[in-house]
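Here is what TrEMBL says about this protein:
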{"type": "TRANSMEM", "residues": "A:12-38", "note": "transmembrane segment"}
{"type": "DOMAIN", "residues": "A:73-260", "note": "domain 'ABC transmembrane type-1'"}
{"type": "TRANSMEM", "residues": "A:77-96", "note": "transmembrane segment"}
{"type": "TRANSMEM", "residues": "A:108-131", "note": "transmembrane segment"}
{"type": "TRANSMEM", "residues": "A:151-168", "note": "transmembrane segment"}
{"type": "TRANSMEM", "residues": "A:189-210", "note": "transmembrane segment"}
{"type": "TRANSMEM", "residues": "A:241-267", "note": "transmembrane segment"}
Amino acid sequence: MTGNSNRRGLSFYLLAAFFGLFVLFLYGPIATITILSFQGPEGGLTFPMNGVSIHWFRNLFEQQAVGDFGGSFRRSIALGLTVMVLTVLFSLLAGFAFRRRFPGSGALFYLAVASLIVPSILVSLGIGLLFNILGIEPAWHSSALGAHLTWTLPFGLLIVFAIFNRFNSAYEEAARDLGATPWQTVRHVVLPILLPSLIGVGLFGFTLSYDEFARTLMTAGSFNTLPLEIYGMTTNVTTPVLYALGTLTTLFSFTVIGLFLAGVAILRRRRLRRTGAAR
Amino acid sequence: MTVTAVPPEASSASAAPRGGGVRRSVLRRAVPYLQAGPLALTLLVFLLIPILTIVAVSFWDYDSIRIYPDFVLTNYEELLTSPVTWKTYLNTVKFAALTWVITLLIGFTVAYFLAFHVQSTTWQMVLFLVCTIPFWTSNIIRMISWIPFLGRNGLLNSGLISAGLIDRPLEFLLFSDFAVVLAFVHLYALFMVVPIFNSMMRIDRALVEAARDGGASAAQVVWNVILPLAKPGIAIGSIFVVTLVMGDFITVRLMSGGQSASIGLMIANEISLLQYPAAAANAVVLLAVVLIMVVAMLRIVDIRKEL
C-alpha cells in the first residue's frame with residue numbers, strides 16, 4: 001500500500017480543500033437562512049442579527065395572511081406518500097418485466113428516459129391543457145399526482161435496473177431448486193434482497209414529489225402544494241418569516257432523509273447479524 | 001434463466017391437463033405486459049398524450065378569452081419571426097453553456113477526489129451522501145437562501161467592504177445573470193457529480209496502476225485514462241444539466257428578479273396570459289431543440305449499458 005502514501009501528496013490536499021469548498025457552497029446558504037430565521041422581531045432579511053428570537057416561527061403559524069401553510073403542508077405530505085408508494089410499486093413491477101426482452105420493451109424504455117428529458121413546464125402545460133380540453137378539473141390528487149409520477153418513475157426504474165443488473169440470480173435458482181413456487185421465490189428471496197434499494201426508490205419518490213414545483217404549477221388545481229405556497233410567499237413576503245418556513249421545510253426534508261438512511265442501515269445490520277448467526 | 005425455470009414448470013404441467021399448459025404459456029407471455037402495464041399506462045396518460053395535446057393545440061387559434069380548435073400556422077409564424085424569441089433562445093443557450101462548463105469542472109473534480117483519493121469505502125459513502133442530500137431538499141428554498149448572501153447588504157458585499165476591496169456594494173450579485181448561473185450551478189452540480197462518480201468507480205484500478213508504472217504523470221493519468229473512461233458519466237450528467245437549464249423558468253424568474261429571460265419563462269408568461277396555443281408552439285420548438293441536443297450527446301454513450 002505504498003501507493004497510498006505516495007498519493008497523499010499536495011494534490012490530495014488541494015482536492016480535499018476543493019471538496020470542502022464545494023460542501024460549503026452546498027450547505028452555506030441554507031445554514032445562513034437557518035441562522036437568520038432566528039432574527040429578532042425588528043430584524044430584516046439580511047445580517048446583522050437584530051437580537052435572537054423565535055418570533056418568525058410563531059408568526060408562521062399564527063398569521064393566516066401568509067396563506068394556507070398548514071393545508072398545503074398536509075397536501076404535500078399526502079401527495080408525496082402516494083407518489084412514493086406508486087413509484088416503488090410501478091418501478092419494481094416494471095423492473096421484473098424488463099429482466100427479459102419483450103416486444104415493446106425498447107419503446108417503453110425510451111418513453112421512460114424521455115420523461116426525464118422533457119422539460120417540466122411541458123409536462124405541466126400538457127397535462128393542464130389535456131384536463132382543460134376534457135373538461136376535468138385539475139387537482140393535486142389527480143393531475144399533479146400524474147405529473148409527479150412522470151418525474152419519479154424514471155428515476156425509480158433506473159434504480160431498479162441498476163439493482164437487477166447487480167442481482168445474483170443464483171439465489172432465485174437455488175430457491176427454485178428447493179421447490180419454491182415463483183411467488184415464494186419473489187416473496188422470500190428476491191424482495192428481501194432488494195428491500196434496501198427499494199427504500200432508496202421510496203426516498204426518491206417522496207422527496208422529489210414533496211419539493212416539485214414546475215410540474216405542479218398548472219396541475220395542482222385550486223389547492224396549493226407547499227412549494228407553490230412557498231413560491232407565492234417569495235413574491236409578497238419580505239420578512240424573515242420566509243426563512244422560518246425555509247428552515248422548517250429543510251429540517252423536515254433532513255428528517256425524512258435521515259429516517260430513510262437509518263432504515264437502510266438497520267436493515268443492513270440486521271441482515272449481517274442474521275447471516276453471521278447462520279454461520 | 002429460462003432453462004433453470006423448466007424443471008418445476010414441467011413437473012406442474014404434467015400434473016395439470018394439457019389445456020392448462022397452453023393457457024399457462026399465453027399467461028406467461030402476458031406477464032411482462034401486466035408487470036410493465038402500470039408504468040406504461042402512467043407514462044402514456046401523463047406524458048405522451050399531454051405532449052401530443054401540446055402539439056395539437058400549437059395549431060389552434062385563440063383570442064383574449066378562449067382557445068379554438070383550428071389548424072393555423074400563425075403561432076409558429078409569430079414565434080419564429082419575432083426577434084425576441086431568438087434573443088431569448090440565445091440567452092437560454094448561454095445559461096446552459098455556462099452552467100454546463102462550470103458544473104462539469106466541479107463535478108469531475110469532486111467525483112475524481114471521491115473515487116480516487118478517498119481510500120476508505122465508508123468515507124467514500126459518507127462524503128458521497130453529503131454531496132447528494134441537498135438534491136432531496138426544496139429547490140426554491142435553496143434559491144431563496146442566496147438572498148442574505150448576495151443581497152445589497154448581504155454577507156458578500158459587507159465582507160468585501162470591510163476588507164476594503166470595494167467601497168460601494170456590488171449591484172450585480174443578486175437579481176442578475178450572475179445570480180442565475182450561480183443558482184443553476186448550486187442546484188444542478190449534483191447531477192454531474194453522481195453519474196461521473198458512478199463511471200469512475202467502475203474504472204479498473206489496474207489500468208491506473210499500469211499507466212503509472214508506464215511512467216505517466218498524475219495529470220497524464222487523469223487526461224489519458226480516467227477522462228476517456230468517465231465519458232459516459234459525463235454525457236449523462238451533461239444531458240441532465242443541459243435539459244434542466246433549457247427548460248427552467250423558476251430559477252431565472254427568482255434569481256434575475258424578472259430582469260432576464262429564458263424560453264421556459266417565456267412559456268410560463270404566455271400560460272399566465274392564457275395564450276395557450278402560443279405557449280404550445282413555443283413548447284414544441286423547445287422540445288425539438290432539447291431533443292436535438294440530447295440526441296447529439298447520446299451519440300457519445302449508450303446509457304443502457306451504464307446502469
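Yeah, the Cβs are placed from backbone N, Cα and C, and that goes for glycine too.
Recorded stretches compared: A:12-38, A:77-96, A:108-131, A:151-168, A:189-210; the one with the most Cβ pairs under 8 Å to the transmembrane segment (A:241-267) is A:189-210. With Cβ pairs under 8 Å as the measure, the transmembrane segment (A:151-168) is packed most heavily against A:189-210, out of A:12-38, A:77-96, A:108-131, A:189-210.
For the transmembrane segment (A:189-210), same-chain residues at least 6 beyond its ends with a Cβ under 8 Å from one of its own Cβ atoms are 76-77, 79-81, 83-88, 91-92, 148, 151-152, 155-156, 159-160, 162-163, 167, 171-172, 174-175, 180, 226, 253, 256-257, 260, 263-264, 267-268. Sequence-distant neighbours of the transmembrane segment (A:108-131) (same chain, 6+ residues past either end, Cβ-Cβ under 8 Å): 94, 98, 137-138, 143, 146-147, 150-151, 153-155, 157-158, 212, 214-219.
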